[in-house]
Amino acid sequence: MSRAVYLSLLLLVLSDHQQVTSSSHVPRTHRGVGLAGRALNTTLTMMYQSDNDECDLVMNISAADRCAFVKNTPDCNLEDGFINYLYLAFCLLAPNLTPLTITLCVIWLLFLFIILGLTASKFFCPNLSAICTSLHLTHNVAGVTFLALGNGAPDVFSAMAAFSHPHTAGLAVGALFGAGIFVTTVVAGSVALVKPFAVASRPFLRDVIFYMVAVFWTFLMLYRGTTTVGETLGYLGLYVVYVLTVIFSAYIYNRQKRLLNSSLHSTAQIPAEYHSSDDDLACLNGRNVPQEYESEYSPLLPYSESTSQIMLSSMNPVDSNKWRRKPWSWRALKILKTPLEVVLLLCIPVVDPDKEDRNWRRPLNCLHLVTAPLACLLAFQSGTYANYMIQGEFPLWLLFLLLGLFLSAIVFCTTTNDSPPKYHSLFSLLGFLVSALLISAAASEVVSLLHMLGVVLSLSNTVLGLTLLAWGNSIGDCFSDITIARQGYPRMAISACFGGIIFNMLLGVGLGCLMQMVETHNNVQFETEGLLTWILAGSLGLSLVVSFIIVPLSRFHLGRSYGIFLLVFYAIFLIIALLTEFGKIHFV
C-alpha cells in the first residue's frame, strides 16, 4: 500500500477521533464501535481504490475480512448471472468449507455445461434448421451462418457474456483461443487417427487462411489493448467476407461440376476433390435412410391419440427403442438429463421439417405460448425484468402471462391435433428466441462461476478459459466429429474443425466488443494476462502455420503420423501454459 494511502488513513482516523472526543453526549461504548467500524470501512475502501478495484486481492487478506471486502468491492459485484458466487463463497459459507465449496461449484459447472449442450443440440439447432428450410437456404449458406451459430452457440454466448465485464474478458480470450487450439489439434488429430483421408485442398486452404487472418487481427487488438467501433465492424465484416467466399466457391464448384458432366455425357465417377458434402449432410441427417426402417414401428391400423395422450407422450424425452440399444453409461447420463429435458420441453417449441407433422403437438405448443414468453422474461439479463412493475402498479410477468393465455386459447380453438396450422413455422422462431436466451443465461452463469473459481484458486481468467471453459464448450464437438469420421465422413469432420471456430472467434469477439461499446459508449479495453496470453495466441498461430505448411507438403493426405503430431503439439502447449501460470516460466 502506498504512502499516500497510509497518510490518508492517519488523517481520517485523527479526524474521527477529534469528532468523537468533541461529542461528549455520545456514550463511550458507542463511540468505540463507531470508530472501529468507520476505520474498517475506510481501510477497505482505500484498499479497493488503490488497487483499481481488483477482486483478486480478496485471498491476500484475512478470512474474517473477506466478506466485507467482497461486499464493498465493485469488481466483486458482477451484474450478470443469477447467483453471486463470490458472496456465496466468502459470506454465506464458512472459510473452513472452501474445499466443499469448490467441489460443489465444479459439479454445478458440469451441470451448466450439460444445460448448454442440451439446449443447443435438442432445441437451438433443430429450430435453426427449420428456419433455414423455411427460408429455402442452400446447404453452403446455412452451414456457415445459421447452422454454424447453432453449433457454436455455447462458445459465442460465453464470449459475449465474458466481454460484458472488463475483468472477465480474459475468459473469452482464453476460451476462444484455447478452443481453437483444442479443436485444430486434439479434434483434428483424433479424426486423422480414426480415419486417415485426403482432405479437400481448396476448402482447407480457404479456412486456414481466414482463421490465420482472424487470429492475427485478434492478436493486434490484444497487443494494442483496445479496439474502436470501426475496427470491431471490420472484424465482423471479415466474417461476411468469409461467408461470401464460401458462397462464391460453391458457385464455382457447381459450375465446374456441370461442365464436367456435360463434357462426359455420362454418369462417370467425379474426382474425389469435387465430391460435395451435401450428400454427406443428407446421410447424417437421416434423409437417405430407407423408409421401411422409419415405418417399422408405425401402427398397422389408423390410430388417433387424445389430447391428454399427446401431451403426456410429447413430454417424455426417452425413446424406448433407443433405450434398449444404448449401453448403461448412456442410460445413466440420460437419467440425469431427463428432468432438465422435461423442463426444456415445457418451455421451448421445436419444429422438425423432416417429420410429416413437423413435430406439431397441439396441447404442448399451446402451452408453449404461455411458458415461452415467461422463460424469455426470466432469462433475459438474468431476470432483471422479472419483477419489473409497469408504472409501478402492474407486474410485467403478469402481462406476459395474460397475453400468453389469450394466444394459447386462440390457437387451441382454431387448430386440430392431426394437422399443423399454416403458421406453425413461426413456432421455430419462438423456439430459437427462447433457446438463445437460455443459452445466454447459462453462459453468463458459467462465466461468473469461473471468475469465482479463479479468485478462490488464485488462477488467471485466461488459464480457466483455455482449460475448463474451452474443454467444456469443445468436448461435444470432439465426440461428434470423431463419430462423423468413424461413420465415413472425415472430410466433413475436418471442415467442422476449422470452419466452426472461425465463426466462434469472429462473432464471439466481435459481438462481445460491440455490445460492450453500446453499453458503455467507449472503446473496449483489453486486460491481458501477460505472458500467458501471448503464449496462447502464439501457439494457436503456430499450429495453423504448421498445418498450412505440412498438409500441402503431404499432398493433403492426413495420416496417423500427422494426428500424433497434433496431439503431441497440444500436450506441449498445455504444459508450457500451466508452467507459465504457476510462475515456472517468466520473463527474465
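Note that Cβ sites are derived from N, Cα and C of the backbone, with glycine treated the same way.
Remember, TrEMBL labels are computer predictions, not curated facts.
According to TrEMBL, the protein has these features:
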SIGNAL    1-23  signal peptide
TRANSMEM  85-116  transmembrane segment
DOMAIN    107-247  domain 'Sodium/calcium exchanger membrane region'
TRANSMEM  128-149  transmembrane segment
TRANSMEM  169-192  transmembrane segment
TRANSMEM  204-223  transmembrane segment
TRANSMEM  235-253  transmembrane segment
TRANSMEM  366-388  transmembrane segment
TRANSMEM  394-414  transmembrane segment
TRANSMEM  426-443  transmembrane segment
DOMAIN    428-578  domain 'Sodium/calcium exchanger membrane region'
TRANSMEM  449-471  transmembrane segment
TRANSMEM  492-511  transmembrane segment
TRANSMEM  531-550  transmembrane segment
TRANSMEM  562-580  transmembrane segment
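Residues of the same chain lying 6 or more positions beyond the ends of the transmembrane segment (394-414) and with a Cβ under 8 Å from any Cβ of it are 362-363, 365-367, 369-374, 377, 385-388, 421. Away from its own ends, the transmembrane segment (531-550) comes close to residues 170, 173-174, 177-178, 180-181, 184-185, 188, 205, 208-209, 211-212, 215-216, 218-219, 222, 460, 462-463, 466, 562, 565-566, 569, 573, 576-577, 580-581, 585-587 of its chain (Cβ-Cβ under 8 Å, at least six residues beyond either end). Sequence-distant neighbours of the transmembrane segment (204-223) (same chain, 6+ residues past either end, Cβ-Cβ under 8 Å): 173, 176-177, 180, 231, 235, 238, 242, 245-246, 249, 494-495, 498-499, 501-502, 505-506, 509, 526, 528, 533, 537, 540-541, 544-545, 547-548, 551-552, 556.
Distant neighbours of the transmembrane segment (169-192): 155, 158-160, 162-163, 211, 215, 218, 222, 447, 450-451, 460-467, 469-471, 473-474, 477-478, 481-482, 485, 490, 493-494, 497-498, 500-501, 504-505, 508-509, 512, 524, 526-529, 533, 536-537, 539-540, 543-544, 547, 558-560, 562-567, 569-570, 573; these residues of the same chain sit at least 6 beyond its ends, with a Cβ under 8 Å from one of its Cβ atoms.
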